[in-house]
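Database features (Swiss-Prot):
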- R41: L-glutamate binding site (BINDING)
- A75, S76, W100, T148, D167, Q190, N233, T234: pyridoxal 5'-phosphate binding site (BINDING)
- K191: N6-(pyridoxal phosphate)lysine (MOD_RES)
Amino acid sequence: MRKINFSAGPSTLPLEILEQAQKELCDYQGRGYSIMEISHRTKVFEEVHFGAQEKAKKLYGLNDDYEVLFLQGGASLQFAMIPMNLALNGVCEYANTGVWTKKAIKEAQILGVNVKTVASSEESNFNHIPRVEFRDNADYAYICSNNTIYGTQYQNYPKTKTPLIVDASSDFFSRKVDFSNIALFYGGVQKNAGISGLSCIFIRKDMLERSKNKQIPSMLNYLTHAENQSLFNTPPTFAIYMFNLEMDWLLNQGGLDKVHEKNSQKAAMLYECIDLSNGFYKGHADKKDRSLMNVSFNIAKNKDLEPLFVKEAEEAGMIGLKGHRILGGIRASIYNALNLDQIKTLCEFMKEFQGKYA
């Protein structure tokens with residue numbers, strides 16, 4: 001029997017995708033070989049590669065103004081590639097909403113970029129999304145869409161005339177997005193859209209001009225990968241294959257509007273369970289900024305019970321509920337692949353646990 005996996009990433013995958021990958025692992029489409037064994041230059045793999053890119057654009061409703069790049073190095077490499085490629089001679093503005101924006105700021109500073117933190121919620125242990133106004137003449141404005149550790153999420157992105165950069169790693173492909181002022185939108189795919197080893201970057205083509213004539217190593221230059229259709233070097237072929245299956249699955253769900261509707265229902269059920277616990281459970285994030293993806297909470301009346309909660313949950317068939325080491329507590333990551341019945345199972349366990357130990 002499969003466990004209910006609430007891990008923050010790598011995370012649970014739809015069973016249909018795992019079963020299809022299992023079926024095709026040794027014999028892809030009856031061809032007598034695995035997709036992992038063939039050259040990335042073959043037509044067979046190119047169909048997967050380019051098909052995945054087109055499906056990703058279709059899900060977000062993007063036209064040819066955007067390039068889709070498949071890169072390695074995780075989202076963390078983007079912390080350096082973004083300022084390397086997109087910083088000009090002005091100020092790069094960041095909103096600091098958690099660990100991942102702090103890391104991005106640090107990488108830009110290492111590169112000698114003129115970085116300004118224009119908003120931060122660090123003084124309240126990142127329990128909310130701070131109000132932010134970016135200057136129109138900044139080189140770019142940078143935000144993290146969803147904060148995996150602290151359980152906060154932008155309900156709407158800031159409106160700005162300067163190019164907006166969005167790290168969407170932990171709410172990738174979970175809802176429709178207004179791209180009207182987004183210049184670069186990226187994430188590692190291992191939370192909501194595949195397995196580890198692949199990053200997907202949507203970059204507006206006019207931004208690629210900034211990479212021209214810069215002294216950047218070829219592998220770190222967005223233009224290199226755009227001009228070579230993300231095939232400059234050997235890509236992570238199996239991760240791209242799995243990403244392609246995820247794109248098919250999302251389209252079969254009815255697209256991102258339907259996925260968002262389901263995600264909203266799941267989150268509402270879990271937050272209601274916390275809010276109606278008479279203070280036994282307490283969420284970390286302010287209600288207005290609660291994440292639909294990561295629900296971080298404590299056993300407020302006795303935090304010593306939290307390891308027992310995790311242990312008993314595992315015995316009941318639920319894994320990945322231990323909070324991040326920085327924040328502690330309990331965290332349920334309720335990504336796309338989890339269904340409403342699985343959230344209901346968690347809520348029933350939470351009520352039973354409260355009944356035993358309140």
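A Cβ is built for glycine as well, from the same backbone N, Cα and C atoms used for every other residue.
DSSP assigns S76 (pyridoxal 5'-phosphate binding site) to a helical segment in the three-state reduction. The distance from the Cα of N233 (pyridoxal 5'-phosphate binding site) to the Cα of the residue listed as 'L-glutamate binding site' comes to 10 Å. In the three-state DSSP classification, D167 (pyridoxal 5'-phosphate binding site) falls within a strand.
Long-range C-beta contacts of S76 (pyridoxal 5'-phosphate binding site), restricted to its own chain and to partners at least six residues apart, with a cutoff below 8 Å, comprise K103. Within the same chain, residues at least six positions away from Q190 (pyridoxal 5'-phosphate binding site) with a Cβ under 8 Å of its Cβ are G9, P10, S11, S196, G197, L198.
On the backbone, the CA of W100 (pyridoxal 5'-phosphate binding site) and the CA of R41 (L-glutamate binding site) stand 35 Å apart.
Among the recorded positions listed (A75, T148, D167, K191), A75 has its Cα nearest to the Cα of R41 (L-glutamate binding site). The DSSP secondary structure for W100 (pyridoxal 5'-phosphate binding site) is helix. The Cβ of T234 (pyridoxal 5'-phosphate binding site) has 10 other Cβ atoms within 10 Å, all protein chains considered.
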